[in-house]
Each structure stands twice: as structure tokens, then as C-alpha cells.
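Feature annotations, reproduced from TrEMBL:
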- 157-168: compositional bias 'Pro residues' (COMPBIAS)
- 7-30: domain 'C2H2-type' (DOMAIN)
- 34-55: domain 'C2H2-type' (DOMAIN)
- 71-94: domain 'C2H2-type' (DOMAIN)
- 107-178: region 'Disordered' (REGION)
Amino acid sequence: RVSEFSCHISGCCQVFDTLDGYEHHYNTLHRNVCSFCKRSFPSGHLLDIHILEWHDSLFQILAEKQNMYKCLVEGCAEKFKSSKDRKDHLVSVHLYPSDFRFDRPRKVKSGPKHVSCPTKQGAGVPMDVPMDVSTETSERLQVVPMDTGPGEDAELPQPPAVPVPAPSVPEKQLCRSR
């Protein structure tokens, strides 16, 4: 019997008490990863939209002539002229929070290069992406910001950071600074 499950992805050193915890972590952080910039997405649909909007050189040219910004909700076929129009649609139709960061690129932190690895995880795994964006649940989720593309409204205000509660189990450090 295995008492701990370690993530086998290079650079990730999380450890889990349960196989379910490990599978949840893997499926949400490592299954839908952009091969260009290594960002993780909770679904293939959101990964496809990200690749199109951030890494397809023809996207911006086509977006000037036709509606190219797809709705982020899987199953909704709407397309929009701008990321702002898409945001308005997501807020009014799918009830996303108005302060949701739709298009802001991630800020790269400067400073010494080192890896701070998360420690042993129980039931909860902190993430920076919404867990479920299905049509039924996206209408009532209070989601965490997700970046999709370089939009025209890149000056949207950022929501306040949500504190992550400290784990109640003793921590086990697996990684050292590099």
C-alpha cells in the first residue's frame, strides 16, 4: 500500500495523501498545458482558445475583419468582435463576476531564481484556474481569474488576492531552492 503520492511532472513536487488528491491535481494542472508558454488550463476548450488568441499569428489580422473572440463557456457558440464584447457577454449572460480578469497577461516576478515548492497536500489544492467551466455551473461559479488572450481591455482591475488557508497536517518539504 502506498501512503503518499508524489507528482511526477518535472518541477512539480507536490505530495498527496490520497490517489484522488493526486489525480485531481494532475487533471487540473498538468493535463491541458500550452506547449508554447506552459500555462495550465482546466479544459481543452480553454486551452484551444488560449492558443488561438495568444499564439496564432493570424488571429489578430482575422479579428479586425470578423468576430474571432469565442465565448469561454463550452457549449456557447457565440463569437465577438473584441475581448471586451466577450467579457460583457460572460458577465451578463453567464453571470461571471464583473471583476473577473479575462485577458490580463500574467506578471512575471523578478528576483532571484529559486523554486518554492508546495508541500504535502490533503484535500485542497490551491490553483489559479477555475475548476469547472461547464455551461451549467459556470453561471453560478465564483471563479478565480484566468488569462486567455491579449485583449483590448488589458487595463481591467484585478480582483483582490484570496488567502489560502494553511494546511492542518504537518508539512513535508521535498524540494530545495535552485
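Glycine too: its Cβ is placed from the backbone N, Cα and C atoms.
Note that the structure is a prediction, hence the values are computed from the model and not measured.
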Open item on the list: Need one number: mean pLDDT over the domain 'C2H2-type' (7-30).
Closed with: 88
Open item on the list: What does the DSSP secondary structure composition of the domain 'C2H2-type' (7-30) look like, as residue counts for helix, strand and coil?
Closed with: 11 helix, 2 strand, 11 coil
Open item on the list: DSSP on the domain 'C2H2-type' (34-55): how many residues come out helix, how many strand, how many coil?
Closed with: 12 helix, 2 strand, 8 coil
